[in-house]
Amino acid sequence: MGSLLWLAVAYVMGSIPFGLLFAKMFCGTDPRTGGSRNVGATNVARLCGTKVGVLTLVCDALKGAIPVAVALSISDSTVFHSLTALAALLGHLYSCFLSFKGGKAVATTVGVFLPLAFWPLVLSGIACLAVIWRSGFVSLGSLTLVTAMPAMLLLGGHWKLVPLALVVMVLVYWSHRENIGRLSRGEEKPWQKKHHDAAQGTDAGAAPEAAADAAHAGTVDCGCDCGCDAHKPSTEAAPSQETSDASAHGAEAPVAADEGDKRENEEHDNAPEASAAESKPEDKPAGKTVGKPASRSVAKPASKSAGKTGGKAADKSAGKSGKSSGQ
């Protein structure tokens, strides 16, 4: 009876969603709605930073290590130890606090093997870290950890724990089935890119808005994305200065043309009067400048010059005749 009660306690302890609690406490977010939508330490580190991720990793490991350590202190049965470890793992995978959903049980796996087989766990952990460092895929490193664990247990002489390690390997592979599919298709993102995308989450969310603003440059924003008539270009609603000037000139052109036609008609109607008026003034000046001046300038000077020449000639001839008679 006491053993069953302890298994229930181990399950409840494993069900505590430290990742969800810390994410809401330190960064006000729900890891189930961001990143990989998982409450595990890896996703919490993406969303809230490395410190919160490490804190989640430690607590998830402790909720597996503490129940197993207590089981070791109260019983020598390897079966009981293994069942306690499985209860804590199932609590993390299918949490009673999260509608029987949970994480991927990697940190809790580390916790349950920590008091059971320390050195095999260390060797498996080194292999895990080496794979993560070389490939950048945390999921691949986690799969390496649980795959290497049975072999390390055999090498370390912990053959009684091999069945537990095999069951844990199946559970962890099942929880990583989506990651395995992405790895096989080459679609899994390495840790560095995931961490960068999570850190730039705000900018990535603003990028589409900036693109939408750039796409709607020169438009009127109605506050919606409906593509309604309010998103017509502002050039249609408010014409530019050039178009307004062109329209103003276009409106003035017919008026100027009409005024030009009126002026031409008036000039055409007044043409006979203008010609008659011009002919009369021309006759009078012509009579004055041609008739009278011509008679004065021609007749009078001619008579004067003729009189002078005639008088001089008569005087000369009279003088000559006087001289001849005197002789």
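Cβ from N, Cα, C; glycine included.
On a predicted model such as this, the values are computed, not experimentally measured, just so you know.
Annotation comment: Swiss-Prot describes 3-23, 52-72, 78-98, 112-132, 152-172 as transmembrane segment, evidence class sequence analysis. Annotation comment: Swiss-Prot describes 184-212, 233-327 as region 'Disordered'. The compositional bias 'Low complexity' annotation in Swiss-Prot covers 199-212. Annotation comment: Swiss-Prot describes 237-246 as compositional bias 'Polar residues'. Look at Swiss-Prot and you will find 259-271 tagged as compositional bias 'Basic and acidic residues'.
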Contact between the transmembrane segment (52-72) and the transmembrane segment (152-172) is defined here as three or more C-beta pairs under 8 Å separated by at least 6 residues; is that satisfied?
no
Tertiary contacts of the transmembrane segment (3-23) (same chain, 6+ residues out, Cβ under 8 Å):
29-32, 38-41, 43-44, 47-48, 52, 55-56, 59-60, 63-64, 66-68, 70-71, 74-75, 80, 83-84, 87-92, 94-98, 102-103, 108
Beyond the flanks of the transmembrane segment (52-72) by 6 or more, those residues with Cβ under 8 Å of it:
6, 9-10, 13-14, 16, 18-19, 22-23, 26-27, 40-42, 44-46, 80-81, 84-85, 87-89, 91-92, 103, 107-112, 114-116
Report, as numbers and ranges, which residues of the same chain sit near the transmembrane segment (78-98): CB under 8 Å and 6 or more residues beyond its ends.
3, 6-8, 10-17, 20, 32, 39, 60, 63-64, 67-68, 70-72, 104-105, 108-109, 111-113, 116, 160-161, 163-164, 167-168, 171, 175
